[in-house]
Amino acid sequence: MVHLVGSLRKELADCLSTSKVLVVGAGGIGCELLKNLVLTGFKNIEVIDLDTIDVSNLNRQFLFQKKHVGKSKAQVAKESALQFCPSANITAYHDSIMNPDYNVEFFRKFVLVMNALDNRAARNHVNRMCLAADIPLIESGTAGYLGQVTVIKKGMTECYECQPKPTQKTFPGCTIRNTPSEPIHCIVWAKYLFNQLFGEEDADQEVSPDTADPEAAWNPEETAARATASEKDGDIKRISTKEWARSTGYDPIKLFNKLFKDDIMYLLTMDKLWKKRKAPIPLDWQQLENSGMFDLYNDSSLGLKDQQVLGVWGYCKLFQQSVETLRSQLQEKGEGAELVWDKDDPPAMDFVTSAANLRMHIFSMNMKSRFDVKSMAGNIIPAIATTNAVIAGLIVLEGLKILSGELESCRTIFLNKCPNLRKKLLVPCVLDPPSANCYVCASKPEVTVKLNVHKTAVLTLQDRILKERFGMVAPDVQIEDGKGTILISSEEGETEANNSKFLGDFGIRNGSRLQADDFLQDYTLLITVLHTEELERDVEFEVVGEAPDKAPPPQSNKEEVNSITNGNKDSAQPSTSSKAPSEDDDIMIVDSDEDEGASSSAAVAAAVGTKRKHSDAGTGETSTKRPRTDQSSAAAAPTDDDDDIIALD
C-alpha cells in the first residue's frame, strides 16, 4: 500500500522536507512559486532578489502589501510565505545573484535551482553556475497570457545558451539624433534628453544633431550661411546641454525653441539627408501660441486619460509643466544634484511623453498616448497574475519529477493564449539534447569572432564582447602566442593600461587565438579572431555563424508559432500594437502536444552547463587564482524586474 502525506507519496514528502532549494527572483513568478513551495512541503528554501517593492508590483505580487513599498522583495516574501507554513526554514538575500559571494560552492548546496527572472544577464549567469555545480535548473517566464517552463540538466538537455538569443535592439546614434523614422527613435531620444538635462550626462546619449553623420556628407563651410540657428540661446554648438539649460534657468520656452526649432533648422542644412526623406518641420512656441490652435486633445481621442493622444499644443503645455516640475525637484536636491529617470515618476514620464511626441510630429509620425510611450520607454510587457500562477505551479510539478528521480519525464511546457488545434492551452515538448556547437556547455567551448584588430580596443573586447555578448562577469584573457601574454586580468589594476590599446598592438592578427576564463563562473572560452575591414556600419564585431542582430529563424515544421517581444529592449512594442517584429521575439510558443514526438528546439529549452571545474578530478589541483568580479556589473544586473520575461527563442 502506498503511504501518502497529503497528495504526495511519503518518500517524496520526506525528500521535500530535507531538500534545500534556491529560488532566484521574488517578483511576479517568485511570489507564486515561494507560496507553492511551502504549501507543497518544501522546508528548506533560500530566495534571492536585488529589487525592492514598488507600488506597481502590488496588483500581482500578492505577498506584498502597500506597507511594504520600498522594502526588500526577498525579505518580505520570506516573511509572508512563513505565514503559510511557520515551520519552514527560509533564508532571504537582498542581493544580486551575480555577486561573487554566490560562487559554485554556494550553488552546490542545493538539489534544485528555480529561476524567476526577467534579466538575460542574470539568467546566463545562473545557467553557467548550475552547469558548473551540476545542479538541475528550472527556467521559467511569462509575458501577458503566454508562459514557458523548461528543465536544464548538464549533459542531458540544452542549456539556456544553446540556442542564440536575439541581441538587445540598439539604434545608431545618427538615427536617433538626425533621422528618426519610428516612434521608438523619438522615445529613446527623449530619454537621452532627460539625462542630458536633469540626470547624469553621457557622451553616448547626445541629442543634438550629429554633424559627423556619414550619410549627410555635408560641408559645414558651405551650409553655415544657411543655418539660421547659430547665435541664439540654444545654439547647437554649445558643448553641454545641461550647462546651457542651467544658464537659462531651465526656461521651458527657451528649451522648447532650441530642441524643436533651432536644432531642427540646423538639421535642414544637411541637404543630403532629405533628398530621399521627408524633411522635418520645425516648431516655434510663439507661432503656436499666436495661432490660437489650442488643441489640447485630438478629436478622435477616447478612453482613459493615459490612453488619449493630445494635440501639438497639449504636448507643448505638458512639456512646459514637466520641465518646471523637474526644475523644482533639482533645486530641492541642491547644487550638483541629478535626477534618475523612472517610468513610475509622473513628471519624468510627462517629460518623455511630451518631448517624444513633439519630435514625432516634427518628423511626420503619428503621435502616441502616454500609455504607449510608457510601454515602450519602460520596456513593459503587461504581466498577468493568473499566468504567473499557472507557470509557478508548473515549476513545482517539474521540480517534483526531478526530486522523484524522473528527469527523463521532464518537459518544456508552453502556455498559449488560445487553444491549439487539439484544444490544449498547455503544450509539452520533449527536452532537446545539448547542442554540440554551444559556446557554454560544449566539451570545449569555442567561438570565432570577426572584428578589425586595428580598431577594436581591449576595453571593447572586455565589455562589449566578453561581458555583454558572451555573458562573462570577471574575464581573464591570455593570448595563445607561446608566451601566455595576459591581455585582460580580473585583478584590479593589473592590465588597466591595456584598455585603450588596440588588439593589433599586441600582435593579435587574423587567426590569433585567445583563451578567456571566468573563474567565478568556472568557465573557459577559446576565441579565434578573424580580422576583417568590411564590417557593416555601426557593427563592432560579429560572431561567425550568427547574424549580428538576429537569432536563427524558427524551424518550419511546427504546426503554428506565436511570438512575443521579451520586454528587455527599447524596441519592445506596447500592448496596443497589432503585431511585434519577429527579430525582437524572445519567447516562441510551439503549437504541438505530442509528448514524445515534439521537440522544444525551436522554442529553446533552457538548460545549464559549464565544463570548467575549480578542481581537476584527476589531479586534485585547484585553481589558485582568487575569483573576482566587477562589483558595478554585478550590482547593475537585477535578479528580478516587474515583467518576469524569459528570453527563450
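Using the three backbone atoms N, Cα and C, a Cβ is placed for every residue, glycine included.
If you check TrEMBL, you get these features:
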type	residues	note
BINDING	25-30, ASP49, 57-60, LYS73, 96-97, 118-123	ATP binding site
BINDING	CYS159, CYS162, CYS438, CYS441	Zn(2+) binding site
CROSSLNK	LYS165	SUMO1 cross-link
ACT_SITE	CYS174	active site, glycyl thioester intermediate
CROSSLNK	LYS191	SUMO cross-link
CROSSLNK	LYS237	SUMO1 cross-link
CROSSLNK	LYS258	SUMO cross-link
CROSSLNK	LYS417	SUMO1 cross-link
DOMAIN	546-643	domain 'SUMO-activating enzyme subunit 2 C-terminal'
COMPBIAS	583-597	compositional bias 'Acidic residues'
COMPBIAS	598-609	compositional bias 'Low complexity'
CROSSLNK	LYS625	SUMO cross-link
COMPBIAS	639-649	compositional bias 'Acidic residues'
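A distance of 35 Å separates the Cα atom of CYS174 (active site, glycyl thioester intermediate) from that of CYS438 (Zn(2+) binding site). Fewest Cβ neighbours within 10 Å among the binding-site residues CYS159, CYS162: that distinction goes to CYS162.
Rounded to the nearest whole angstrom, the C-alpha distance between CYS162 (Zn(2+) binding site) and LYS258 (SUMO cross-link) is 49. CYS441 (Zn(2+) binding site) sits 15 Å from LYS165 (SUMO1 cross-link), taking the C-alpha atoms as the reference points. With respect to Cβ neighbours within 10 Å, the binding-site residues GLY25, GLY28 differ, and GLY28 shows the lowest count. Cβ neighbours within 10 Å of CYS438 (Zn(2+) binding site), excluding its own Cβ and spanning all shown chains: 19. Looking at LYS165 (SUMO1 cross-link) and CYS438 (Zn(2+) binding site), their Cα atoms lie 12 Å from each other.
Using CA atoms as reference points, the binding-site residues GLY25, ALA122, CYS159, CYS438 were checked against LYS258 (SUMO cross-link), and the closest is ALA122. Straight-line distance linking the Cα atoms of ASN59 (ATP binding site) and LYS191 (SUMO cross-link), rounded to a whole number, equals 27 Å. Once Cβ contacts within 10 Å are tallied over all protein chains shown, the recorded positions ALA122, CYS174, CYS441 are led by CYS441.
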